[in-house]
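A.B. asks: Feature table excerpt (TrEMBL):
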type     : residues : note
DOMAIN   : 442-663  : domain 'Histidine kinase'
DOMAIN   : 710-825  : domain 'Response regulatory'
DOMAIN   : 856-954  : domain 'HTH araC/xylS-type'
MOD_RES  : D758     : 4-aspartylphosphate
REPEAT   : 113-146  : repeat 'TPR'
REPEAT   : 153-186  : repeat 'TPR'
TRANSMEM : 389-409  : transmembrane segment
Amino acid sequence: MIKNIIYQPIFLVYTYLVLSHNVVAQETNNTSYEKFTKTFDSLVNYKEFDMAYNLLSDESESIILGGEKFSTLYYELLYNRVKSEYLSGNYLESISLAREFIFRYPKKDSLLGYTYSYLGNAYYQFDDYDIALDCYFKAKKIYDSEKRYSEVSKVLSSVGLIYNNLEDYDEALKYYVQANELLKKNNVQAESHNYTQIARLYTRNENYAMAQLYLDSALKLALTQNKLKDQYYAQRSLGYNFFIQEKYSEAYFNYQKAYDGYLSINSIDHSLDCSLKLAYIHYNLKEYSEVYRLCESQIPIAYNIGDLNAAVFFSRLMYKALIKDEKYKEAIFVQENFKQIEDSIERIQNNSYKYKIQMRLETEKRANENELLKQQKIADQETIRAQNILLYSVGLGLFLVVVIALIIYRTYLINKRLSFKIQQQSDRLKQLDEAKSRFFANISHDLRTPLTLIMGGIEQVLKSEDLLLTEKAERQLKTGLLNGERIIHLTNEINELIKLEDGKLAINKKYVDIDKMLNLFVKMFNSMAELKGVHLSYSKSIFEGDSYVHIDPSQFEKVLFNLITNALKHTKKDDSVTVALNKDGDQLLISVIDSGEGIPEQNLPYIFERYYQAPDTTFKTQEGFGIGLALVKEIINKHDANIQVKSKLGQGSEFIITIQQESVPSENLTQLYALTYSDQTRVLFRELDEPLGNDNPIVNVNKRSSDKATLLIVEDHPEVREFIQNIVEKKYNVLTAPNGQKALKVLDKEEVDLIITDLMMPWFDGFELLEKLKESDKLRKIPALVLSARTSEEDKTKVLSQGVNDFLCKPFNPEELLKRIENLLNRKEIWNNNNEGALFINNQQTLDEIEQSLLKKVEHLILEKIDDPNLSVNYLADQIAVSERKFYRMIKKMTDSTPFEFIKEVRMQYALQILKEKNVSSASEVAKAIGMNNVSHFNTQFKKRFGKTPIEFK
């Protein structure tokens, strides 16, 4: 057994030498490789790390053959050599090996971090603090990335030690504190040594209380961790803290404890420091005999361990004590001894300094050599990489040329097809645009014949002397004649717009003073503005030159008429409209500014398009054809001018016309004395201009009778309002209001039995009125009849959701209106009960249309969420803007089933449909498709509904 132990290392060395030779000879056969592996493992097992390292480092081919295993072991062994050389005091060799490791190692993990730490430690020994700090911070970065908080703390402590040596104590304290805080934050056990270092810095800064706290913690932690060296270091530091404060009793106690402890672990150098401090305490207490005793006993010990500095300190203290004790002869003898020691120390320090310089130069030389090798290696790699890149680039370039050529050709074909399609679509759009224009032109043309007959007949009746007309009949005929003239005016505008677009309308330009023209407009519309309670003004800035422009007066008059009437129409009482004339360069700026409702930003790009109507505005006036601003734009374009609009919702709008300023003799001007077009058009629409902003409601009560029901007619069009009033006033008391806001004021003061309302009205429309009625406990019981030209499915659904009682489309038959009113009043008790959501629509056809539309919408909503098991009644009610209770009643009334049953029925019908179409393979798939997770429950419900299971339908 003993022989085996003796001979095994000899055998391993022999095998190592043989295998090294074999590997050098590049024997790559399997037998050699197996022997190499076996030998390497044996060397590692017997901890012959240097031999194992040499085996790997000498033969790079072995590493390649061994793969990841030998590569990893190689670097671990190299790191162990770095560590071993450092711990042995061979700092230069440690630096060289560490740099080799850093140069070769391909990863950035903790092993690289440890190597940087030891490299920093080695440079620290040479007092090369800059490089040491650089190494420590590189190590910290790696430890941070791997969350090795204990290692980060050690690095920070090392940085603190360097700053301590550099006497930058504040910076040192900062890093020591960071090290401790990091360990606390990440629940890693702190180091007692760190607490002691922080305490010593606080002592140096004369913050003795903080030092005491940290030293108490350090001592407690060292005792807990059973780290004797840290315990004695903390006690020694406690002694120093008390010593500085001249608390000699406490200092002596702690130094004595530390001294005894260091002796117990044979730490002679630290025990010398403690005994020196004990001697100083005796000296300060004038106990000189104790000083002699301690110094005489410790000086030989210092000589024995080679600590000449300690011997000098003891000798000096002994010398000072002898002087104090007036023993001058002995003092001179001691002085001669420590002078000799100081000379020896100086020689040693000089030699050490020279050695450090030599080592630093050697280190730098090796570092430079490594750097040159590294640069050469990088240059070689770059050359190979450049050659590879060139080769790949040529191949890739050829490939890309082919691909790009194919893409260009394909793009050409696609663009050709797209261009053809775009051209087709463009032609189609032009045809549709022309067709629309022709349609409106034909409509306007075709309207003239019946209008001629209607208006001619009315004029003959009015002029006939054989007929005796009542005042009311004459007024109604004149209203009909006036509205006929309005339709003719509208058809004329359509024709003019089409002619302008087709270039068939001639523009006869003349030189005009635009200042005078704008003045005429403001004077003409002052009365209309006053009637509406709007402040209309004209403003002209002072500028160089005349206010002459080259325009067609009759066409430009239409532009200004449209802009000013629009501004007045969309401005409330007490707001203002300003017409302004300014100059910018050689251009005149004509502005029409109102402080009205403003135009939504999303509508601004479209307001000059033909037939465009904003989907929603605050001023919900009666809908027209969207011709006015389109006509304005076309006329402005024909004048080589420009028009733009600025608007903010709720703040108003500004239309700005930019036109060339002209300079001509005044005799060339065309004088304007009247605005014929504006005057005639204004007369046509004067009846419609009511003071909308007036706070006093327009209320008409005709011979109010207590035995008649009272109707409230809410209609913004005065002639339509009068027409309805004429129909119903014989049978009912009548109140009128031009919009919903004023209707509510009437309802506050008057008792009303039925409300007849339009939908589209200014400032406060019929929808808002119905909503307010529904919200009021007092007003929700009043039945409402809607008369409107808006007959879309969306409008009908919205009206129904508001709980309206009847709906009649314009134009309507007077007899039908009276019948609807009578039926609603007769059925008043039915819906005027405690059921706040009671709904009664008198006309069955209207009921059928609205219910069908609403049910289609609900069914569509269910189908959209058919696979959602969480589809709820509340979701459906929200989507059609009604409460859940009201939705329940509506579905129950229309389908005779609850909303839940209706949802289930839609789901079952959908399941049946997909089964018949063979789009699914199993019952579970069908159940999932309709949002039912329980397949068994689905089968049961399906069979209950259709008499067969889903499988039987397949």
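Quick reminder: no glycine exception, Cβ is built from N, Cα and C everywhere.
Keep in mind it's a predicted model, so treat the numbers as computed, not measured.
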A.B. asks: Suppose we draw a 10 Å sphere around the Cβ of the residue listed as '4-aspartylphosphate'. How many other Cβ atoms does it contain, all chains included?
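C.D. replies: So the Cβ neighbour count for the residue listed as '4-aspartylphosphate' comes to 26.
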A.B. asks: Determine which residues of the chain contact the transmembrane segment (389-409) at the Cβ level, with the cut-off under 8 Å and only residues 6 or more beyond its ends counted.
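C.D. replies: For the transmembrane segment (389-409), the far contacts come to none.
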A.B. asks: Any idea what the model's mean pLDDT is for the domain 'Response regulatory' (710-825)?
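C.D. replies: PLDDT averaged over the stretch: 81.
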A.B. asks: Please state whether DSSP places D758 (4-aspartylphosphate) in a helix, a strand or coil.
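C.D. replies: Where D758 (4-aspartylphosphate) sits, the three-state DSSP reduction gives coil.
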A.B. asks: With DSSP as the reference, give the number of residues of the domain 'HTH araC/xylS-type' (856-954) in helix, strand and coil.
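C.D. replies: Going by DSSP assignments, the domain 'HTH araC/xylS-type' (856-954) contains 69 helix, 0 strand, 30 coil.
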A.B. asks: How do the residues of the domain 'Response regulatory' (710-825) split into helix, strand and coil according to DSSP?
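C.D. replies: Each residue of the domain 'Response regulatory' (710-825) counted once, the result is 52 helix, 23 strand, 41 coil.
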